[in-house]
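> Pasting a structure here, questions to come.
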There are 2 protein chains.
Amino acid sequence: MAAMEMGDHATFEQYLEKGSVTFSSGRIGIKRDGDDAALFVFSEHAVYAGAFTTNAFKSACVTSAMDRLRAQKKIKAVLITSGNANAGTGPAGRADTERLAAGVAGHVGCAADEVVVLHTGVIGVPLRAERLIGSLEGLCQLAASTPEKLVGAARAMMTTDTFPKVSARAFQVGDTSYTVWGVAKGAGMIHPKLATMLSVLVTDAPVSQRTLQRVLSRVVGQTFNRISVDGDTSPNDSVLLFSTGGARMEAGTAEFYGAVDETIFEDALKSVAQDLAHSIVRDGEGATKFLEIVVRGVQSEADAERIAETIATSPLVKTAFFGEDFNPGRIISAIGRAGVAVSFDRLRLTLGDQRVYDAGQFLVTAESDARRVMAMKEIPVVVELGAGELEIRYWTCDLTFDYVKINAEYTT
Amino acid sequence: MAAMEMGDHATFEQYLEKGSVTFSSGRIGIKRDGDDAALFVFSEHAVYAGAFTTNAFKSACVTSAMDRLRAQKKIKAVLITSGNANAGTGPAGRADTERLAAGVAGHVGCAADEVVVLHTGVIGVPLRAERLIGSLEGLCQLAASTPEKLVGAARAMMTTDTFPKVSARAFQVGDTSYTVWGVAKGAGMIHPKLATMLSVLVTDAPVSQRTLQRVLSRVVGQTFNRISVDGDTSPNDSVLLFSTGGARMEAGTAEFYGAVDETIFEDALKSVAQDLAHSIVRDGEGATKFLEIVVRGVQSEADAERIAETIATSPLVKTAFFGEDFNPGRIISAIGRAGVAVSFDRLRLTLGDQRVYDAGQFLVTAESDARRVMAMKEIPVVVELGAGELEIRYWTCDLTFDYVKINAEYTT
């Protein structure tokens, strides 16, 4: 698996050469081994938008980032630490997050509330930021704007991810070329604790905070919210979108936007976010199969999502794919319990290139065809409801021995 | 594991001696090996109540049983076949179910719509009842009223269950002693296809159809609907409750009921249903732990169920228990994503005898205590919300290598 999937590579290198963002990574003392801190510093302050976990149990870093967003702070730097989620740690936990923000702020020259701090890792263990503060100076000093530094930062965010996740796209508005890029970490565990999905997305396009938020919400809804490894959500899940061109723009430059431009930007952002979301699924704990679930012919997007999610989180469906057991009955049953009105007489189900259910009945599939489809690494699952024009896509992986192993292993 | 959990054993044997129900089991040609048919014949017709799968994708046997219930048919016999679910088989599938009912009816002397037929097993494969009909005569002839015959019938219902599930209780109304007993099969697979939960419950108490249905709905809500092995539901899940005293009663004898008597009956039925439900969880595929989740201090039963179910279906929680990994963070996170308003400042979580979360923070648990609790085979998980007076209980098992193995194995 390649460490990076970057469209328009040359353009991205040009973007990095401008130096408007620098990256750093290193070890500040949370994990026993390896890098546990990633730093992103903007040369000018960036406006930002965010999408956060829907889990009512939120990490201190999420409430802190949400507070900055509510206050419409311009952001100078983002610090991501791995190894400790700083969740369920009470007021002391929030103080730890703010102490790290203040530490970074001192070295990059900004106010503490212009630094966003995110954590990932084990839940319910005090972070004790005081023992980490001393390492921040070195981390800040090493920041530079190279692809290697960026990949290093993406790697330092990882817990049990097996590869760093980076993606970038260039796009054109009028005569000007812009970039949108991002990093993410996925459903990995640190000493088998809760998974945390984190992503930082950045563009140099001059976009206002309000537009950023609107576009981000739509894009997250169609990418990061359409993936499932095991259906669990964490107290730390966060997606942040920064515009380094945004601050400048609000200071006088006009936002580049018309409706057409917004679409161009949104398409590029969606492409990056989808890359990262797919990487998270491909790197799902223990995963051996990548499943693209297409739900087509529906009137309501919410209904379509419910059907896709019920299939994607069914342990019976997921273990069947792991075992390469051709088992459409489990998928039809998952559709039946999704809580959506479905006409089974009109339903069609296709696995790979095999139509397996049509007009209220399962069709006979030749065993050689079944084996061929199940042996694929990437298997399309297409559900056609014949009740409308909408179509959505959802991505998941299989449920394997290794998933159980990774998550059952004793911590000591 | 004992094959039977029977309270009031002597009373139950007396009940069987009356011969008001006879049992039979045998092989009619669905499975490759072993018994695949269980028969229950009432000496007088029984009134009945039913609770069926909420899955919108329903087996032919479920729609057939629901039709009989709607028509308030009195029932003479119940045939349960294992090895083929007869689901997703279209109109031919329904005809197959009715053909089996007619076959039994011919041998036990009743109308075809006075026989209820249930199926469990693989989905989407034609049943071809014509090849099974010939074996029904022998099955009907062998029916007798002994505990061995009853256990044989409970065993013939099994797919990958590892033990037959039977339970009975006696109860007293005025001077008269009655019995309620039941059999069930659980979350097993036949050639790793979809699980099917089936239960047949019988009482000789004179209870009207309307009362039976009211009591059954309450009891199922607190027993079979409060267990989860993997969160999947099947097209075949059915719980049927028969009163062999009911028909007689409707023909003249008064229903024994006052409110007090209804409570006595309901308690006995609930005790039997809970026994069977617990047996299903203990025999859950690959299960090594039995978890009792208590949610206490809530105002809404629906909220409490949502919290319990989210914990019980979380792969992260279930793998942690399998690995004996003391991991309260995963439980708190599951509570957080249950979609219920929870005040984490008032929340308390106790695992075994260890309070692990209180007043917004995780408490420190000594490693020896954590190890001791996780080593237990039956682990209480107590969630206290401090927001009301209600309490509910919910039962589940862990998620293990064997679960994945059983459900991933290739069918051939």
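Think of each number as a place in line: the chain as shown, counted from 1.
Yeah, the Cβs are placed from backbone N, Cα and C, and that goes for glycine too.
According to TrEMBL, the feature substrate binding site maps to B:Thr159, B:Lys185, B:Thr196, B:Glu285, B:Asn407, B:Thr412. The feature active site, nucleophile is assigned by TrEMBL to B:Thr196.
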> Which binding-site residues among B:Thr159, B:Lys185, B:Glu285, B:Asn407 have a Cβ sitting under 8 Å from any chain A Cβ?
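Filtering B:Thr159, B:Lys185, B:Glu285, B:Asn407 for a Cβ under 8 Å from chain A leaves B:Asn407.
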> Within 10 Å of the Cβ of B:Lys185 (substrate binding site), how many other Cβ atoms can be counted across all chains shown?
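Within a 10 Å radius of the Cβ of B:Lys185 (substrate binding site) lie 30 other Cβ atoms.
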> Secondary structure at B:Thr159 (substrate binding site) (DSSP, helix/strand/coil)?
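Assignment for B:Thr159 (substrate binding site) reads coil.
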> Using DSSP with the three-state reduction, classify B:Asn407 (substrate binding site) as helix, strand or coil.
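B:Asn407 (substrate binding site) sits in a helix per DSSP.
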> So, in DSSP terms, is B:Glu285 (substrate binding site) helix, strand, or coil?
coil
> Within 10 angstroms of the C-beta of B:Glu285 (substrate binding site), what count of other C-beta atoms is obtained when all protein chains are considered?
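Looking across every protein chain shown, the total is 27.
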> Starting from each candidate's C-beta and looking 10 angstroms out, tell me which of the binding-site residues B:Thr159, B:Asn407 has the most other C-beta atoms.
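Per the Cβ count, the most surrounded site is B:Asn407.
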